[in-house]
Amino acid sequence: MVNRQPLIAGNWKLNGSRSSVVALAKAVAAGVTSPVVEVLICPTSVHLADVLGVVGNSPVHLGAQNCSDAISGAFTGEVSAEMLVEFGCEYVILGHSERRAMFHEDSALVAAKCLTVQKAGLTPILCVGETLEQREAGQVEEVIAGQLDALLDAGGVDSFRQLVVAYEPVWAIGTGKTASPEEAQAVHALIRERISSHDAAIGEALRVLYGGSVKADNAASLFSQADIDGGLIGGAALDAASFLAICEAAASTVGSSAA
Ligand SMILES: O=C[C@H](O)COP(=O)(O)O
């Protein structure tokens, strides 16, 4: 059995000022003590340099929230993978439901972005998830499969080697409604099975995070599920104490998964 190191990723979304993100990054870096959990923070792109100055020599990893699928050229407003690497990023969140819904990113574009950032050495965090309407229509498996298959079609199963999947039910993001540990586990198992059906070793090693109203008080029950390998945290990542408590919850579940 592969030991998957838990990853707790804070998605700071469109929040903060230069001074507040530096303060938040300092508090997170000072509070990360356990080496068993990988901790990642993802500020806005304009805050990367300031945050890198804080976490550059700490165990905290740095990531971005989006990236262009283009390498360079006439793409006004875009940021490239190589630029993110220069600013210390190791990860980039791609295909978040907010980008799919508000910025019309489809699964083919998200897949292209994944392949582009991997070539630059970054690890994509590929977000997938269904809306409430899709869940109520019994389409969860079909929706998730379609989102994964776009990358399987574009890059093959090898594109899941250097990649993290984040399952974020859209109805649970920022709403206070969390999928129950059993509901989340069922979808995580589907995700792993889909990749494992192409390559068992890649599927077994793939880290699958849960996102959607994760808080300090529900984190341990989610992370103790067999196929939940950490979390993509939104609102609670903006408060250092809450985020660190979620990291501690992940550390407490290492070695005690329901597998
Ligand atoms: O990327 C993070 C997710 O959208 C979850 O956000 P949330 O924890 O505020 O629900």
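Here the Cβ of each residue, glycine as well, is placed from N, Cα and C on the backbone.
Any TrEMBL annotation is an automated prediction that lacks curation.
Given the structure is predicted, the values throughout are model-derived calculations rather than measurements.
Now, the feature entries from TrEMBL:
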type     : residues                                            : note
ACT_SITE : HIS96                                               : active site, electrophile
ACT_SITE : GLU168                                              : active site, proton acceptor
BINDING  : ASN11, TRP12, LYS13, GLY174, SER213, GLY234, GLY235 : substrate binding site
Where the record names ASN11, TRP12, LYS13, GLY174, SER213, GLY234, GLY235 as binding substrate, the maximum Cα to Cα distance in Å: 14
Under 8 Å by Cβ from SER213 (substrate binding site), counting only residues of that chain that are 6 or more apart: ALA172, ILE173, GLY174, THR175, GLY176, LYS177, THR178, GLY235
Residues among the binding-site residues ASN11, TRP12, GLY174, SER213 that border ligand 1 - Cβ under 6 angstroms, in sequence order: ASN11, GLY174, SER213
DSSP three-state assignment (helix, strand or coil) for ASN11 (substrate binding site): strand
Listed binding-site residues (GLY174, GLY234, GLY235), ranked by Cβ neighbours within 10 Å, top entry: GLY234
Entries of TRP12, GLU168, GLY234 which, being recorded positions, have CA atoms within 10 angstroms of the residue listed as 'active site, electrophile': GLU168
Densest Cβ neighbourhood among LYS13, HIS96 (recorded positions), 10 Å radius: HIS96
C-alpha spacing of the residue listed as 'active site, proton acceptor' relative to ASN11 (substrate binding site), in angstrom: 12
Greatest C-beta neighbour count within 10 angstroms, which of the binding-site residues ASN11, TRP12: ASN11
Local Cβ density at GLU168 (active site, proton acceptor) - other Cβ atoms counted within 10 Å: 28
Rounded Cα-Cα span from GLY234 (substrate binding site) to GLU168 (active site, proton acceptor), Å: 11
